[in-house]
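Features as listed in TrEMBL:
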- A:CYS140, A:HIS142, A:GLU174, A:HIS198, A:HIS394: Mn(2+) binding site (BINDING)
- A:219-313: domain 'Peptidase M20 dimerisation' (DOMAIN)
Protein chains: 4
Amino acid sequence: MTKFADETLTEIRRDLHRHPEEGWKEFRTTALVAEELDERGFDLALGSDAVTVEERLGVPAADEIAAARERAKREGAPEEYLDRIGDVTGLVAEKRYGDGPTIGVRVDMDALARSEASDDDHRPAREGFASTHPNEMHACGHDGHTAVGIGIARAFDAEGFDGTLKLFFQPAEEGGRGGKPMSETTHVDDVDALLALHLGLDEETGTVVGGYDRPLSNAKLDVTFEGEPAHAGGAPNEGRNALQAMTTAIQNLYAIPRHADGKTRINVGQVHADNAQNVICEEAQMRVEVRGEDADLNDYMMQKAERVVEHAAGMHDVAYETSLYGMTTTFENDGFVVETVMDAAETVEGVTQICGRSPFGGSEDASFLIRRVQENGGVASYIGIGASNPAGHHTAYFDIDEAALDIAVGVVEEAVRRLAVRL
Amino acid sequence: MTKFADETLTEIRRDLHRHPEEGWKEFRTTALVAEELDERGFDLALGSDAVTVEERLGVPAADEIAAARERAKREGAPEEYLDRIGDVTGLVAEKRYGDGPTIGVRVDMDALARSEASDDDHRPAREGFASTHPNEMHACGHDGHTAVGIGIARAFDAEGFDGTLKLFFQPAEEGGRGGKPMSETTHVDDVDALLALHLGLDEETGTVVGGYDRPLSNAKLDVTFEGEPAHAGGAPNEGRNALQAMTTAIQNLYAIPRHADGKTRINVGQVHADNAQNVICEEAQMRVEVRGEDADLNDYMMQKAERVVEHAAGMHDVAYETSLYGMTTTFENDGFVVETVMDAAETVEGVTQICGRSPFGGSEDASFLIRRVQENGGVASYIGIGASNPAGHHTAYFDIDEAALDIAVGVVEEAVRRLAVRL
Amino acid sequence: MTKFADETLTEIRRDLHRHPEEGWKEFRTTALVAEELDERGFDLALGSDAVTVEERLGVPAADEIAAARERAKREGAPEEYLDRIGDVTGLVAEKRYGDGPTIGVRVDMDALARSEASDDDHRPAREGFASTHPNEMHACGHDGHTAVGIGIARAFDAEGFDGTLKLFFQPAEEGGRGGKPMSETTHVDDVDALLALHLGLDEETGTVVGGYDRPLSNAKLDVTFEGEPAHAGGAPNEGRNALQAMTTAIQNLYAIPRHADGKTRINVGQVHADNAQNVICEEAQMRVEVRGEDADLNDYMMQKAERVVEHAAGMHDVAYETSLYGMTTTFENDGFVVETVMDAAETVEGVTQICGRSPFGGSEDASFLIRRVQENGGVASYIGIGASNPAGHHTAYFDIDEAALDIAVGVVEEAVRRLAVRL
Amino acid sequence: MTKFADETLTEIRRDLHRHPEEGWKEFRTTALVAEELDERGFDLALGSDAVTVEERLGVPAADEIAAARERAKREGAPEEYLDRIGDVTGLVAEKRYGDGPTIGVRVDMDALARSEASDDDHRPAREGFASTHPNEMHACGHDGHTAVGIGIARAFDAEGFDGTLKLFFQPAEEGGRGGKPMSETTHVDDVDALLALHLGLDEETGTVVGGYDRPLSNAKLDVTFEGEPAHAGGAPNEGRNALQAMTTAIQNLYAIPRHADGKTRINVGQVHADNAQNVICEEAQMRVEVRGEDADLNDYMMQKAERVVEHAAGMHDVAYETSLYGMTTTFENDGFVVETVMDAAETVEGVTQICGRSPFGGSEDASFLIRRVQENGGVASYIGIGASNPAGHHTAYFDIDEAALDIAVGVVEEAVRRLAVRL
């Protein structure tokens, strides 16, 4: 019997909440989902069959991944599936119920690198299902998304529908790292309609948004400057100062000109340089993020940022390397799908308010899957399911109202059935 | 019987080399020295009796100190002395042999935060006495200095001399953190002459330098900028960016004007800021070092640096805190002592070359003890003892020729005897 | 007989075009307008009676103003009015025709500091009415605006209307320097409706825009840093470097965070520092401009800019002074006036296209007059009159189709008549 | 009869003081010197025969040079010599008195771009020989140097000496612009000994310094950044901002690392950028100076500065041009010449104190002539002649005690005679 066999979606979500796993480390999550869907007769593509390995972004060091895999084993990940997963997380599960169209549903599974509140004001702490891992927390509801994904699989157990269901359990959404490599597999090719969903987003339980779209494009760039150390007292001229290069870069990154065509953003979140005080800095690292209201504006920022980095390095005669940590793009929902979701929501118990298309403030790498489906002639929407989150996403007190889980399953199930008919 | 009872100075030095302890963590070293000198009849001032606690600089966090103390216990520090030491390392030992003057000798005990080479090219590795602690190494010869301190105590066992011997086993010389608090105790008040010494310094074994002096003054400043986080995409204007403040500070620190009166230096060695890429930086830290050819030039740099930091913070509306991590000052030897040391060296076996006063390229916090003795009317010199170091100080392959240990003891013993007569 | 007595609006416009005068130097223009309107029985408020002298922004040096006044005399400004004008340009002219409401019309008179094209591709050069002053040119159509102002006065000569006409001939619109001081006089207090107008704006002759509004707010700040010179070779430490302060300011000005609420802009256009290469810079000057999509965003930028300047000066221990060179604010037209203008335009010969409200891309200091009227309970709109300008505003080849002059007069005359009835 | 025929050196100096001419504009000075030396039978090399034209540095614009030449004519420059001079100032005059060695004497002729004090505290003003040109002043004693040059020519009229006298009247010493092009002529090739001299330097009249040497090397770099303008409100992203490039450069120029080997200096004296506030800066200019304790250190600074400029431009995608405005190098006197000068000084009336070799604080482009002579196997020294200057060099109140003129001539005459014998 599978671990989740007798568990409700709330129980599954709580189990996942207690065992959060950051991006590219979702071994326990992937293995448990695989076990559950295998049991239900889905065909599984796991790990390197689910994502294009070489397109992965922001991948942790090999020893970190290995440690995460070991921990998953210790924490009850079924070994059979762990073996099949290998070193790469993520899962695509497919089941054919009838001759109709292929409907995809995408959920994400990763947690964030932050600690969870442990006081009684925080329900997960009070009720004993808070994260058991310091500095890891499901603070964006992906535990719920994963549970909903299982719920959707279960929903068609009894009657099926006239088509094929394809479930994308995406790794590493945070930072925009897993969407692109999953979008570049052949799994997306035959999808006629794709639904993605997000719980919470500051909407009350009972609210359904037919489609969020037009997120900001963004890109995250890791930069390392490599200079030459020297004794800061004895021979300052012999150094090539990586920190001066980085500092010059940062000042000029923030000063990239605003753009006439729309919103742009720039930020440097992390910097590290670790020399003793008396050593001219040899190596300095920073993590940069650019955004644009659309992909062109994002490209404008990225090109400007790369030029700044190149010449900041050149100015101080230091080498540099850049790597893309993550990225997202923008997208627009198809009105037909938005309306179908809204129609579906009418029939679902617990739904009290139904909204149309709405702009998505943040960024999302489901964007890559959605655009790929649309490029292939398919249609898509990104559904919002209110969940009365008591605190903002990404904060220590984030939580979701688990009543939203069944609502989410219900809306998606209904939407799938209608899409299968209407397409 | 004490641990070191039957050990040669070479054996003692190798024992210490295997168990390096960083500044303010020299629990095992202090306890073993205390045990040895107690046995020989010295009066001991330990820990908070040896340094002015509130004047300590660059003190590690309490949990780090506690862990270091625990490790010392595990690694054989005699518990009796560990108890007497408490949480503060360092030791002053005094023994009266006759009515004559009080002669002080200062040695330092701390190791560096760096890993030691482990290959066979490195004698300590080859012969099995390399550091057993990753990222800690006696790479500046303080293990030898401590052994020499014990050797000097032993040297007067047989015949004594007409005066009082006072041995200063100083903690935390690296970074300039222990000299000042030890200089501000009453132990220094009655010292008529002070000898400090350093092994190595790129001189061959057999060379003795009567006195190094005129080191650069320096000061190390830790700075933390505290701003306000905000979502870099959604509300960049709501942040108060600690990283922009730090960046502005660093650019302007390096641009502090050169000074007409002599050499000045500035460096920023470490920077840290740890936000996610999409968060306006809330906290940023840096470690700064300034130097000057003399104390006035050092003050000039320090005042300029503080002004830069203050206004960089103000410009970005962030708070900041500064704390002194360490400092050294400059000094000049007394010619009389330098000559006495040179005379003494003539009589010591193994000495092949005797040099006079020479400028000390780096920085040294023995400076505070030396100046304090001189202010009280005493005299002092800082002796160099060649030790054929095969690699530069502070590098992974640093080592000393242990033949230098007995030479050092011999030179100091002879100098003490002559000073007792001449003063 | 007045100079303009027998001249058409085209002739007047060409006379003004040949004699362009920059802001606060419009002596000839003001005197000729005064002469003309005095003749027609208007009550005149001239110079310091037309603007609040102490609120003037960006005023040139006294000797520049005196020279401009002298030139005006040489170039035919009637001396009687020149005497009444004194040292301050600008004019408010009022004439009561009936008991009805007071309708204000605002036009501006100043030229730009740029040279005019002199080749035959440029009609004013070809036809002999190009600027006779190097580096001064009517490149924004204010010559036409002034002529239209006279045309409006003439339009009511025959029949008048049931109300009072108040004409505001504003000085120093370029840079946003004259609108605020004119808005702070009592002349605005009794205005029931205000019409302002602009020719050109890249619309064809025949097009009328009922109301441009929502311009960007902006503010222009002049900053002088005052340090202490020193010999850069001999005593660099003795200087207090005004240029380092300015440089630090500029880098951080461009890096003021983007704002979530809308468009912001920052620019430094001019910098000057004039020391020899071997002198630490004593004085440095810069001219800064900030903009915001609304007044709050403009204030945000201004406050950030002032903070940057303050601390850049403090960081380098130099004094600084700031003065406001100019400013504009934003406004919204009253729909009632916009519609009245559109209705009026229907009746005017030559009008071929009538547009409604439209956003104004640039900045305008008529904004102060419009807001003041609205605050007093009046209504206003800022009318656009297409003039087939062959080249962009502010460029060397700018020109207007003079057929637009009569259209402008016609639209305003009709709008005034209708407003007098409807209000 | 020549203009100076009956004039004392004091009268000549005062005439020159009233008519100061900046570097490369010394037409009147050159012509009057030429007239005087021609009369005395010297062979003259004038203008482009006296300097290598293409090696000139910091040459003013052609129209400025033409205007200076016109002014010289108006102010009494003899036209015959003005014609021979052409557009290039400077003069080498040679006369063979005997078969012995060739002894060169170098004086400089140019004034500074600063205004002279006009109040009675300033003797030149009080006695009516202050500068008649605003913003030009002989504030460094080169008027006296020129007079001394003529005095030396006169000194050998009666008896000659056994050798050849070659007088170098160098243009454009200020900024280091004329020394290099004069050193690169063949005139220097046969010089066996070279004497250069400076009056004042804060020594009292009567003091003679046998040789100043070891000046700082320096180089002055003019930099222009050329970007692309754009409307700062409407299209900030379309600009390429020359001012941001310059600002980035300046911040990083001041932050060039100090050098272990000795003194270095960096300064930016002038900056200019002239756009309207609402235009992204198209062009920005700066004047930079670097110095080093020796030529290598100067090169270090220059190379670092050029790297900074290159990448600051690259970072902001703007073009740049650099040109050398001026340069000096370092040199050491030959002890033999220093001693000969000291011996000579013993015999000269009015000499009260004779000093040996002394370091020269500033920079001097006589350095190029001296080094060239030494490279060819000759010897040289740079003599100091005290002149009780009441205020510092380059200040508005600078003056010299004219009693020093005859002392200077006497010392040089005697030194030349002795060198002719001893060489």
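Counting begins at 1 with the first residue displayed.
Backbone N, Cα and C atoms are what each Cβ position is placed from, and that goes for glycine too.
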Coarse DSSP state, helix versus strand versus coil, of A:HIS198 (Mn(2+) binding site): strand
For A:HIS142 (Mn(2+) binding site), the number of other Cβ atoms found within 10 Å of its own Cβ: 28
PLDDT averaged over every residue in the domain 'Peptidase M20 dimerisation' (A:219-313): 95
Near-site residues: Mn(2+), ref A:CYS140, A:HIS142, A:GLU174, A:HIS198, A:HIS394, CB cutoff 8 A to centroid: A:ASP108, A:ASP110, A:LEU112, A:HIS138, A:ALA139, A:GLY141, A:GLU173, A:HIS393
Tertiary neighbours of A:HIS198 (Mn(2+) binding site) (same chain, Cβ under 8 Å, six or more apart): A:GLY141, A:HIS145, A:TYR212, A:GLU364, A:TYR382, A:ILE383, A:GLY384, A:ILE385
Chain-internal residues near A:HIS394 (Mn(2+) binding site), provided their CB is under 8 angstroms and they sit 6+ positions away: A:LEU112, A:ARG114, A:ALA139, A:CYS140
Tally of residues which DSSP labels helix, strand or coil - the domain 'Peptidase M20 dimerisation' (A:219-313): 35 helix, 35 strand, 25 coil
Collapsed DSSP category at A:HIS142 (Mn(2+) binding site): helix
Nonlocal residues around A:GLU174 (Mn(2+) binding site), in sequence order (Cβ under 8 Å, 6 or more apart): A:GLU22, A:GLY23, A:ASP110, A:ALA111, A:LEU112, A:CYS140
